[in-house]
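Positions annotated as thiamine diphosphate binding site by Swiss-Prot: His80, Gly121, His122, Ser123, Gly153, Ala154, Asn181, Tyr288, Glu370. Residues or ranges marked as Mg(2+) binding site by Swiss-Prot on the basis of sequence analysis: Asp152, Asn181.
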Amino acid sequence: MSLDISKYPILALANTPDELRSLPKESLPALCDELRTYLLNSVSKTSGHLASGLGVVELTVALHYVYNTPFDQLIWDVGHQAYPHKILTGRREQLSTIRQKDGLHPFPWRGESEYDVLSVGHSSTSISAALGLAICAEKEQENRKIVSVIGDGAITAGMAFEALNHAGDIHPDMLVVLNDNEMSISENVGALNNQLARVLSGSLYTSIREGGKKVLSGTPTIKELLKRTEEHLKGMVVPGTMFEELGFNYIGPVDGHDVNELVRTLKNMRNLKGPQFLHIMTKKGKGYEPAEKDPISYHGVPKFDPSNTSLPKSSGGKPTFSAVFGDFLCDMAKEDSKLMAITPAMREGSGMVRFSKEYPNQYFDAAIAEQHAVTLASGMAIAGYNPIVAIYSTFLQRGYDQLIHDVAIMDLPVMFAIDRAGLVGADGQTHQGAFDISFMRCIPNMVIMTPSDENECRQMLYTGHKHTGPSAVRYPRGSATGIQVNNEMQALEIGKGRLLRETKVTDKGERVAILNFGTFLANSLEAAEKLDATVADMRFAKPLDEALICELVTNHDVLVTIEENAISGGAGSGVIEFLMKNRLVKPVLQLGLPDEFIAQGTQEEMHIELKLDSNGIEQQIRDYLDL
C-alpha cells in the first residue's frame, strides 16, 4: 500500500522531472526533506535498499532539476541508490511493490521506465555505458547531455578506470559524478579509497594550512596568498589530481547535501566541453540517525519500525548456508595457518565477519574487483598456500577469464565457495545465480560440488580445501534445512554420489530415477514418494558419478535430472553427454532454470512458478510420462 501523499505536499507536486523543474529553486530543500521521509517510511514498510538512497536525495533532485531528463540521459551505477530517482520519475505510487514479484524492479531497468537508460545491478558499468552514449550523442548533434553517477566503492573496479582512461583520451562531452560516502556495502578498502577518505584531512595538508594561518592570519594580503596556496596544496593532495591526469576537468569536493549548491554547480558544468568530473561528499543513511551510524546494516533492510533505534533481530532457527561457510572457515583456520580467505567486498553477505576478526592476517578483502580476487588466489596457491575465494555466483561471472587462465590451466588448488547459487529472490535478473554450473562444467580440471544440505556443504567445503586442484562448492542464499551438522570433517570421494531411495520393482508403468544436484533434494524425495521413483543425490556436477548413472540407466526406463541452474549446459546436459558418448539411449527429462532471465520474487514464489517445488516436479514428471 502506498503512503498518503497529502502528508508530503511539495513531493506531491513533483511526480515527474517536468513537474520538479517547474518548482521554484527555494522549495528544493523542503522537497528533499519530504523525499527523504517518504523513502524512509516506504522502505520501512516493505523492505529494500535504504541507506544508499537516503544519501543521494539532494543529488537526485539536483540532477533532474538541471538536466532535461529523459532527453538528457542519467545512468546510476549499481542502482541501490536509485529509489529517489524512481520516486521522482512517475513510480512513486508503485514504490511499495519494489523487489516483490511483479513489482518495481530493485534497480534501474530499461523495460520499466524511459528514465532508466541502463539496466544495472552489478557495479562499475556506468562510465563505460555513458561514454558510449556520449560518443553517439555527439554524432547525432542534438546537444544531449550524458551523466553517470558512481560510488567510491564502485569506482575502484578496473572497468571504471578503463572507461575513465578511454574518455580522457577521446574527450567527449560527459559528466561523471563521484558519490563519495566512504562506504559501499562493506567498508571500502584499497589505496584509492584511503585517498578519497583523506580529502582535506591529511596530516601534511592540515599542518601546513593551520600553521600558516596562525603565523600569517594578521596580514590581509598574505591571507589571500595563503588561500591560493591552500587551493594549490589541495590540488596536490586530493584525488582531483589523478582525475585531471586522466583527462577530466575535476570539480570538487562539493557538499552533496546542499541541494542549491549542487544545482548551481551542475548548471555551471552542464555546458562545459569535454569530460567533466564532479566529486561530491555525502553521508550514507543521511537524515536517519541509525542508518548514519550503521550504514552497513541499513544498506538492505527488512520491514522495521523507524521509531526504533535498531533493526528487528533475526528469529534464529535454521542457519544460513553463508553461516555454515563462515563456521567452516573459522574451524579450518584453527588447524591450517596457510588457509587464506578472499572476498570481493562481500564480507557480511558471505558470512565472513567472525573470520575477519578472529583471523585478520588470513582474511583479504579485494574490494569490488572480482578479476583481481581470483588471480590473487592463484598467486597464493603458487606460493604454497590454500586460498578460498568466497564469491556470489553472479559475481564469479566477472572473473571467468581469470578462473580459466590463472587457475584452471595451471591446475592450482583454489577453492571457490560460491554463495547465492540458484535463485536469489528480490534482487532479480542481475543477481540470479543461474549459470555457474554451465560455465564451469566446460573448464578442464574443475571439480564442481552441489551440496543438498548444510552438513553435506560443510563436508564438501573440506573436500575442496583438501583437493589438489581447482574446485567449487555452490550453495543457495538463505536458510539451510536444519539438520544436525557433523563437526568432524571428512573428505568425500570425488565424483561419487549416493542412492537415497529406490523404486519398488513392479511390472506396471515406467520406472523413474531422479538424479538430484543440490538443494532441491527434499523436493525430489517428496515427489518421488508420490511417483514411487528412485532418487540419487549426485553430489558432483563434475566429475559425474558415471558408475551410478550406468546403474540407474540399467534399472530404469526414464531419467530425470534436477538442478537450480540453467538447464542449458547444466549438470543434466552433462548426464546426457555421458549417455550419448556411451551409446546409452534413454529418455532424460531435464528440470532446472529455463532459458530466460528470471525476475524478482521470493525464492519460494519463483520455485512454484517454475514448477521446481515438490508438486511442480511431480507434475512435470507426470506430464513427461503422459500419466
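Backbone N, Cα and C atoms are what each Cβ position is placed from, and that goes for glycine too.
Projection of Swiss-Prot feature records onto the structure.
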residue : record                            : contacts (Cβ under 8 Å, 6+ apart)
His80   : thiamine diphosphate binding site : His49, Ser52, Gly53, Phe107, His299, Gly300
His122  : thiamine diphosphate binding site : Val78, Thr394, Phe395, Arg398, Thr430
Asn181  : thiamine diphosphate binding site : Gly55, Gly151, Asp152, Met281, Thr282, Lys283, Lys284, Pro295
Glu370  : thiamine diphosphate binding site : Pro344, Ile391, Phe395, Leu396, Arg398, Gly399, Gln402
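Gly153 (thiamine diphosphate binding site): 28 other CB atoms within 10 A of its CB, across all protein chains.
Taken residue by residue with DSSP, Gly153 (thiamine diphosphate binding site) is part of neither helix nor strand, so it is coil. Around Asp152 (Mg(2+) binding site), a 10 Å sphere centred on its CB holds 22 further CB atoms from the protein chains shown. Binding residues for thiamine diphosphate (His80, Gly121, His122, Ser123, Gly153, Ala154, Asn181, Tyr288, Glu370) extend across at most 32 Å, taking the greatest CA-CA distance.
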